[in-house]
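Quick look at what TrEMBL annotates:
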- 1-49: region 'Disordered' (REGION)
- 25-36: compositional bias 'Pro residues' (COMPBIAS)
- 38-49: compositional bias 'Basic and acidic residues' (COMPBIAS)
- 57-185: domain 'Phosducin' (DOMAIN)
- 215-270: region 'Disordered' (REGION)
- 223-233: compositional bias 'Acidic residues' (COMPBIAS)
- 235-249: compositional bias 'Low complexity' (COMPBIAS)
Amino acid sequence: MAVNPNEDTEFNDALRKYGIIPPKETTPPTPSPPSSPKLHDVLDDLTPEELKELGEEITDEDLDRDIDSYRRQRLAQEQLQQKRARFGRVYPIGRDDYTREVTEASKIDEEGDEEEKGTGVICFLYKDGIPRSDRTFGHIHALASRYPHSKFVSIVGNKCIADLPDSRVPMLIVYRKGEIRNQLIAWGADRERQLEELEALLILCGALDISRGPLGERRATDGDDSEEEDDDYTSSRMRSAATSTNTRAPKNVRAQSKKDDSDSEFEFDM
């Protein structure tokens with residue numbers, strides 16, 4: 001008797017059990033349809049303006065109230081972030097702006113700062129077309145966005161210091177309370193540097209306010225032991241990342257202005 005191995009019978013099942021005929025081909029399961037996105041997932045992708053337009057098109061009153069409430073919440077969050085962030089980007093400056101935008105700006109205490117520790121200002125001297133300078137400029141932009149309570153300014157190197165050799169570029173000069181705290185000369189000339197290394201050095205020299213954390217949000221200070229452990233770990237990690245760098249002592253760089261507060265006269269020991 002001829003056996004049809006494709007038939008679904010008890011006899012064929014017995015034959016398959018003992019390997020006389022090949023196993024029955026299984027039909028792949030039908031994939032389940034994707035779940036419908038939740039309302040907040042959809043609203044998260046919309047700007048406040050788009051949320052307003054959507055609310056005007058909705059006829060369901062309950063849904064309209066939900067969308068309007070969500071839009072107001074988003075607007076409040078954006079306004080709060082703008083209020084917290086004093087800077088948040090890199091400001092290009094000229095030589096004549098140096099005293100006002102760097103030295104004097106570093107003396108300004110943030111509103112509500114009881115310690116009166118001024119503002120961390122990082123002046124980035126660069127030259128386009130030099131790979132290490134271009135790469136560091138990208139890191140500067142990222143850090144400026146990450147730490148909006150610190151001020152980042154940029155200026156072409158030889159526009160700030162006459163005849164600055166390319167071998168000294170890029171250069172970073174760090175100020176706080178009107179004083180130079182640190183300087184980095186020819187950053188990345190010895191090897192390719194990572195963003196985390198630059199971030200670590202700027203934190204160690206006091207340019208970045210780690211108590212506010214990335215994005216400028218002040219951390220809680222409730223005396224939690226776990227928070228102290230996090231601080232110890234962060235400090236250790238920062239010191240490790242900053243080891244063996246090409247930093248120079250602050251005393252090697254001096255920026256002096258005329259009595260009329262003009263920024264046209266600079267003196268740098270190179």
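The backbone N, Cα and C atoms fix where each Cβ goes, glycine too.
According to DSSP, the secondary structure content of the region 'Disordered' (1-49) in residues is 16 helix, 0 strand, 33 coil. Taking H, G and I as helix, E and B as strand and the rest as coil, DSSP gives the domain 'Phosducin' (57-185) the counts 61 helix, 28 strand, 40 coil.
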